[in-house]
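Input: a single structure, listed below in structure tokens.
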Amino acid sequence: MTVDTKPGPDVAHLRRPARVRLAWLLLVLAVLTLVMLASVAFGSRAVGWSDITAALAGTDDTLNQAAVVKRIPRTILAALVGAALALSGAAMQGVTRNPLADPGILGVNMGAMLAIAVGMTTVGLYTATAYIWAAIAGAALSSLFVYAVGSLGRAGPTPLKIALAGAATSAALASLVVAVVLPRGDIAENFQSWQVGGVGGATWDSIGHVLPFLAAGLAICLLCARALNSLALGDDMAAALGERVAVIRGIAALGAVVLCGAATAVAGPIAFVGLIVPHLCRLLVGLDHRWLLPFATLVGAALLTAADVVGRVVNRPDEIEAGIITALIGAPFFIYIVRRQKVREL
Amino acid sequence: MTSTTLDAVTRGRVRRTRRRRAVLATLGVAVAAMATVSLMVGQTFYPPGDVLRVILGETVPGASFTVGELRLPRTVLALATGLCFGMGGVTFQTMMRNPLASPDIIGISSAASAAAAFAIIVLGLGETGVSIFAIVAALGVAVIIYVLSFKDGVAGTRLVLIGIGIAAMLNSATSYILNQAGQWDLQAATRWLNGSLNGSTWDETIPVLIALLTFGPVLLAQARNLTMLQLGDDTAAALGTRLERTRLVSIVAAVGLIAFATSATGPIAFVAFLAGPIAARLAGPGGSLLLPAGLVGALLVLVADFLGQFAFDTRFPVGVITGVLGAPYLIYLLVRTNRAGGSL
């Protein structure tokens, strides 16, 4: 990686004045609020406004109100999972300096899934917290593996090699998940959300279990923001600026792994949120991780909530899992990024 | 001096031809043996004599139904799809000069699978309609991938990455189709996402055989030109290969094989990807890989299906077995290429 002494046109283009960032922040907050309201208001059952306001105030006397009450935890979980995945993706892109990094593409989500599946079938894990720990362990192992495979060879970890290693690992792990789950009819029944990812099964309980992990991951990643800025200049430059490169990498990666592991444990493997959102946010607020990471968190929450709403509304009364929607909009974006990059940079 | 050089060249050529023939013969025998075993073994064991009599059309009590109606279509379908995936896969890999550019990695199998699932589950079409749907979709996606990766020429790496993106999208589309039809169960899902031979019938098998007999010879006729393409476009052109014609004919034939096979069994994971490199290892340099790769593909599907049915307490669909076996090889390939410092 070469470091230009003066910022090139791209960098200048991506530097944003504070006023612009604040304006974007307000807009993103407004969008998030709207999307979350929409998520409560729209669903497979059409409900009037009076019922929605009554349900938000806490009553669930009629069927409609009860339906709305059930949408509230789902909305919150969608927002939490989306936020976690987007922040995780942003941190991974920062740590690996790889524009294609995403928990789904790198196979990290599938590692989490396999760990849960193995834990359920062999050790007999059954508590939500145990799933989350297993998922985090699986995510950590698979991300280490992908990084190791992708960084062999002279050029080190290039985005192309890491993306290929991730895709291969993901395919391998997906087959293993099927192989592990298939003999167990009781687990296989719930396989749909396991295989494609979605927030349909949200309860207040699951939110309560996953919240501490997400909070920890969020804190770790946000605290690394300044160090990630140094890392973006290249390892040598970061070391010259007094950062301990390996330590930062490790801590930020840990935060990212905790976030996506915990998110996968409650929602299944949802891909592409962690890819799209950081790229989008870089266009809005620039390259500074101190702005980028919180922004990615908010935008990720809005994106996954919106995907969940779309999945519920498009095909009433059937629901489409949010993971399908994100893949359908995320994959073209992935292709766009691949096309935009010059081949030798990949 | 000249005569000794000539001798050395001749000897080398003879040796390579001998090795190639030996490998082809061994593979052929192995495939035949495995097919026979898969016809004999099951809940009831039938000796080879019974199996042979059923195949020759005699009526054998019990065996006529079990072997003739249940096992035979399954085995023939395994054989045919294996050949299709192997030959189709190695055609792509040879043309792109990149083992990762196989149709199951760059999304062409996923396209055929999504289209077939749509045609069967949503539209309720019969075998012919399903196959046509699958081949049109697969050709369309092949064109889309080629166009998308075209930017100052097609770079193999970009094509592979774009293909991976397309495959992710199409797999989601398959999930969506299964979901929308309210038909999500593990059997259907594994068939269209991983590939399965469960419940094979003659109705599904015959279109695959027809495709094999139509597109197979077309590809074999291109074998020489395909081998030339490996030397690079300029060299191939200088040696008299008509590049564009060879590419067009080969792609259409390979996509045809892949699409017909996929619409019968789903995209049996990694067979198209694995067959070529394994065949290259076995057959050594020189000569076309089409036939060896086809035989390796058939052997892979037969062995994996046999393992999936009988090796474990649970009956696994063939695609799960090939997925679990094939993925480590894919990773090994990446490790080896990365170590060597080459660019994929």
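Any Cβ shown, glycine's included, is placed from N, Cα and C.
Pulled from TrEMBL, these are the features on record:
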- B:21-46: transmembrane segment (TRANSMEM)
- B:75-93: transmembrane segment (TRANSMEM)
- B:105-124: transmembrane segment (TRANSMEM)
- B:130-148: transmembrane segment (TRANSMEM)
- B:160-178: transmembrane segment (TRANSMEM)
- B:206-227: transmembrane segment (TRANSMEM)
- B:248-276: transmembrane segment (TRANSMEM)
- B:282-304: transmembrane segment (TRANSMEM)
- B:316-335: transmembrane segment (TRANSMEM)
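Note on the transmembrane segment (B:248-276): residues 77, 80-95, 99-100, 102-105, 108-110, 112-113, 115-116, 119, 127, 130-131, 133-135, 137-139, 142, 190-197, 200, 204-205, 207-208, 210-212, 214-216, 218-219, 222, 225-226, 289, 293-294, 296-297, 300-301, 304, 318-320, 322-323, 325-327, 329-330 of its chain, located 6 or more positions outside it, place their CB under 8 angstroms from a CB of the stretch.
Counting Cβ pairs under 8 Å to the transmembrane segment (B:282-304), the stretch among B:21-46, B:75-93, B:105-124, B:130-148, B:160-178 with the most such contacts is B:75-93.
For the transmembrane segment (B:160-178), same-chain residues at least 6 beyond its ends with a Cβ under 8 Å from one of its own Cβ atoms are 98, 100-101, 105-108, 110-111, 113-114, 117-118, 121-122, 141, 144-145, 148-149, 184, 188-189, 192-193, 344. If you look at the transmembrane segment (B:316-335), the same-chain residues 6 or more away from its ends with a CB under 8 A from one of its CBs are 78, 99-100, 187, 190-191, 193-198, 265-271, 273-274, 277, 300-301, 304-305, 307-309, 344.
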